[in-house]
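One structure is given here, and the rest of the page talks about it.
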Amino acid sequence: MRRPRRPGGLGGSGGLRLLLCLLLLSSRPGGCSAVSAHGCLFDRRLCSHLEVCIQDGLFGQCQVGVGQARPLLQVTSPVLQRLQGVLRQLMSQGLSWHDDLTQYVISQEMERIPRLRPPEPRPRDRSGLAPKRPGPAGELLLQDIPTGSAPAAQHRLPQPPVGKGGAGASSSLSPLQAELLPPLLEHLLLPPQPPHPSLSYEPALLQPYLFHQFGSRDGSRVSEGSPGMVSVGPLPKAEAPALFSRTASKGIFGDHPGHSYGDLPGPSPAQLFQDSGLLYLAQELPAPSRARVPRLPEQGSSSRAEDSPEGYEKEGLGDRGEKPASPAVQPDAALQRLAAVLAGYGVELRQLTPEQLSTLLTLLQLLPKGAGRNPGGVVNVGADIKKTMEGPVEGRDTAELPARTSPMPGHPTASPTSSEVQQVPSPVSSEPPKAARPPVTPVLLEKKSPLGQSQPTVAGQPSARPAAEEYGYIVTDQKPLSLAAGVKLLEILAEHVHMSSGSFINISVVGPALTFRIRHNEQNLSLADVTQQAGLVKSELEAQTGLQILQTGVGQREEAAAVLPQTAHSTSPMRSVLLTLVALAGVAGLLVALAVALCVRQHARQQDKERLAALGPEGAHGDTTFEYQDLCRQHMATKSLFNRAEGPPEPSRVSSVSSQFSDAAQASPSSHSSTPSWCEEPAQANMDISTGHMILAYMEDHLRNRDRLAKEWQALCAYQAEPNTCATAQGEGNIKKNRHPDFLPYDHARIKLKVESSPSRSDYINASPIIEHDPRMPAYIATQGPLSHTIADFWQMVWESGCTVIVMLTPLVEDGVKQCDRYWPDEGASLYHVYEVNLVSEHIWCEDFLVRSFYLKNVQTQETRTLTQFHFLSWPAEGTPASTRPLLDFRRKVNKCYRGRSCPIIVHCSDGAGRTGTYILIDMVLNRMAKGVKEIDIAATLEHVRDQRPGLVRSKDQFEFALTAVAEEVNAILKALPQ
């Protein structure tokens, strides 16, 4: 069987096909074409237009005509298991029903299955159709025993033997017979049911566990509602096997050896049922309820005709030689009774053909009196079955459980649609369907009341209320309980009670409860027995399944569901308390989270306010501020006109790269004022290209040679300035004015304040002048961040030195540590000793730095000046900026604003050493390069500035950062030069 699949998917080459045809010729007359195709129930295209699909009990077989009787297959569980294996191999090879190899293998397997010959049809006289009284009906029933095989493929079983005598048998119907006869009438009067759900190869024939899942003893019944099936064809109808299976036949006709069922002449009740069923199916009744039943096109009637046993079409009433009696010949009482029965089904007498009317009258005489008039009795199951047919059709789309358990065909009274009603509640009728298991021998039938109490009822007598089904239930602690866990629990329970797992039917799960019913079993165990045993072996079941069994019992399904709220209600107080506590905890947690979020937001706002205070357009202050600004502008305008009359001042000896290569040496209005310029374009430098490339190559080599850089830094650390005394800074009155005790100004290089103007009557401030080349004019003033008690000294230094630019390289607070005190007003104006500082504007240039403008006024002399503060924010205390680009842009802004006036630039950080020294070193080197100096020695320049203030450029990283910044600025200048 394991052959390579050819591209066409037909399973072999032409040579193999010819060889198989020769093998068929050697074994069968007629060659390959004479072999009937198997599998037409799954693929209708196998049969030609001259052939029909005949039910053979398994797959269906194509045959020309339907008159030829075919042997019946005795299908058992081992046979199905073997066929499953064969089909698996065929499907694994990619073969289909159309392949010759598949047909050959299936035909060989079919030859191995045992066969049963159907009885030869005998001529029947008209007496078999004549209506008889209820008394002799039993006599007719025992005389006319021969029956055809059941129309369902799953029950090709030997027909039961008949009693010894025909006319001498029992003359009255037993209670069991009286209860089993109404389904015959039900099958005739109710409209044809829709085709069964489609079947797939995988679940139907390729799953060995279906026998255990659905409990079919002969392994021939598959689920009618299994989910996930692939449609390959309709199933045969299963109404007749439920009525004429081996158990039902023995119950009705008895088990009497000695006579074959084909020995007695005349029509049997089974034959009447089949013939009348064919007549009814041949002509659809225009009943109102027929429109509710969906039918597939071209399958509603053809499937029933094809699924019925062979020969029934030709063995109808027409073959008996005589026409049935007309309605006029029938007794009036019988017609009235038949009309009353038909009225309950929505059918009128005039809608029936004479053949149908005669057959129904014959069957009606077999019914006990009052059976058709009592819609709620035990015997009359027509109303319940009708509800089961209408319920699932109308409510199928509203509620459908994931898995459904089909009723077993061997059960005598199981309705084909009862499982659907049990699993899918119908919105039309909430009354449970009737599928009760009747006892075989007793005359009294048990009728279940809605309260679960048993009430004995004589068969055939009307009852006051309809019967209700009983279910066994097992309540567990798992909610919801999965269907797989429930089935596993029942399998283990079946082992403990020595039953087959197939004895459990109508299995369903309702929350944590498992409900089920049991079919007739060899142990004769009832639902009460099984649930009682489940309670006895509770510990074993819990150990094997891992579930905790809370309760077991027997009752209606509503009772099993009613147990659930009681269990929940017992724990509801504790659960409500727990839920209340959880809710309170959640609300409290939410409130705490909101409070924390508000605090964090407020703290962030406060930090932003400290960092970027008084944001807004220029002049966004009070009325006093506006008046003061107008006064300052008028004063500055007057001073500007006076300076223009005197002539331009001398150019400064200290200039930046940007100021050196600007368009023109524009004079500032005052030597103590600055004119802000926000041009971002890099200045065009007149640097020699060869010199610039030489300097750039030197700097890059300097940075790549790590050993050289390390040795150079070690030499800088060992350098000692001479002289290096700091006695004044360490004096008793001045030591409190130092922010850091290790970074103090030298005695020979420090800024001295005027004592008469100082509030502390001291000339000391922690600040050092940094001279570039002219000792009389320092280019920078390096100082620490002002303390709260040295702010007045700081503004005195700004006023006396004539500074117009302040470079601040530290935030006020960093990592919770104060780096510098705010020495300018938060908004408006503030007075520090005799110096009034007015914040004019604050402009956030980018995320790395911002610019502030101030008016500085000496209240003693009433003089005013303008100055600009450049505040760089992205330089950590012990490290370096992430990139040199922001600092170089910041430096360009500072030099654009400075305009080269004859005043130093005040540079400060926190301690006035690390960041301050790095900025001064970068700016000084670049200024020298802009002046045309071709020899650049950064280490020597650093030693030069350290001679004037100790500790400038505190770390090796800061020194390397200065080298990198210089190299990048040189590269930028070279790119800006014209090529």
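Each Cβ is built from the backbone N, Cα and C atoms, and glycine gets one as well.
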SUMO cross-link: annotated position in Swiss-Prot, out of LYS132, LYS609, LYS754: LYS754
Feature O-linked glycosylation site, as given in Swiss-Prot - residue among THR441, THR810: THR441
Residue from ASN506, ASN766 to which Swiss-Prot assigns N-linked glycosylation site: ASN506
Spatially closest candidate among CYS53, CYS62, ASN506, LYS754, the listed recorded positions, to ASN524 (N-linked glycosylation site) (Cα to Cα): ASN506
Candidate with sparsest Cβ neighbourhood (10 Å radius) among CYS53, CYS62, the listed disulfide-bonded residues: CYS62
For the transmembrane segment (576-600), distant same-chain residues with Cβ under 8 A (at least six beyond the ends): none
For the glycosylation sites ASN506, ASN524, the one whose C-beta sees the most other C-beta atoms within 10 angstroms: ASN506
Same-chain residues at least 6 apart in sequence whose Cβ lies under 8 Å from LYS754 (SUMO cross-link): ASP763, GLN796, GLU800
Rounded inter-Cα distance in Å - CYS53 (disulfide bond), ASN506 (N-linked glycosylation site): 33
Distance [Cα-Cα, Å, rounded] between CYS62 (disulfide bond) and ASN506 (N-linked glycosylation site): 36
Per DSSP, three-state class assigned to ASN506 (N-linked glycosylation site): strand
